[in-house]
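Novice: The transmembrane segment annotation in Swiss-Prot covers 24-44, 47-67, 70-90, 106-126, 134-154, 159-179, 193-215, 228-248, and the record cites sequence analysis as its basis.
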Amino acid sequence: MKTLILLIQFFTRIPLPIQINMDEINLKKGSALLPLVGVVIGAWNWLVFSLVALVMPLPVAIIAGLFAEIIITGGFHVDALADTADGLFSSRKKERMLEIMKDSRVGANGVIAICFYFLFYGALFLSVPNIQQIGWLFFVLPIVAKGVTMLLFAKMSYAGSKEGLGSIFLGVPWWPIMIAQGIVLIVLALFFSYIGLIAYAGVLVFTIIYRLFVYKRIGGMNGDTLGAGGQMGQLVCLFCLVLIWGLM
């Protein structure tokens with residue numbers, strides 16, 4: 001329970017007034033619970049979307065659901081997406097890319113990435129067959145994001161500062177990663193049957209390609225690329241689901 005509370009405090013802005021000594025917690029092994037943080041975020045997103053959908057048009061409810069995640073996470077990983085875009089697409093050397101990612105200012109690539117991310121997200125949500133499935137997706141996608149993050153932990157080389165937040169998860173064993181994947185697959189199967197599993201196969205392909213690209217550019221992961229990977233992974237999952245539904 002302490003591990004889950006610490007993970008919620010780490011990845012969300014939920015004000016849990018509980019002091020936990022990190023020396024007592026093995027976050028590397030406890031990272032198996034990371035998808036449960038996605039459950040908390042997803043439940044909040046679903047609740048906000050569902051309540052707004054009762055009184056407002058669907059596009060407004062979708063925007064509210066997307067904004068709900070920013071509220072509960074503090075835009076933690078959206079900021080990571082912007083920093084990653086600024087750094088990796090700066091056409092600079094590795095050291096300079098890492099410096100750009102540390103810069104608190106958002107550059108042109110970061111702004112473009114965020115704009116297209118949310119535009120694409122909204123367009124895909126509007127392409128989902130029915131409103132019930134949209135609600136399910138608001139719940140499930142943050143869980144998928146945490147599953148992708150866990151995959152990126154596998155045999156991770158760390159390119160950032162050893163004091164960086166992502167370095168906490170350097171050396172995560174295989175078994176927490178596999179447990180996390182099992183949780184994600186069960187959730188997808190429960191809500192979307194075999195279609196969800198096929199969509200996650202697409203997410204796995206994306207994760208491999210993304211990992212190879214990042215390692216080629218900066219030689220490993222850092223906190224920004226880990227966060228961005230999760231955000232893009234859930235978008236890829238949504239894209240795959242919409243694509244499969246469109247082909248059926």
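Each residue, glycine too, has its Cβ placed from N, Cα and C.
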Novice: So which residues does the transmembrane segment (134-154) touch in its own chain, when a touch means Cβ under 8 Å and the partner is 6 or more beyond its ends?
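Specialist: Distal contacts: 31, 34-35, 37-39, 41-43, 45-46, 49-50, 53, 58, 62, 65, 68-69, 77, 125, 128, 169, 172, 174, 176-177, 180-181, 183-184, 187-188, 191-192, 196, 200, 203-204, 207, 211, 221, 225-227, 229-234, 237-238, 241.
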Novice: Three or more CB pairs closer than 8 Å, sequence separation of 6 or more: does that hold for the transmembrane segment (106-126) against the transmembrane segment (24-44)?
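Specialist: Answer no: the transmembrane segment (106-126) and the transmembrane segment (24-44) share fewer than 3 Cβ pairs below 8 Å.
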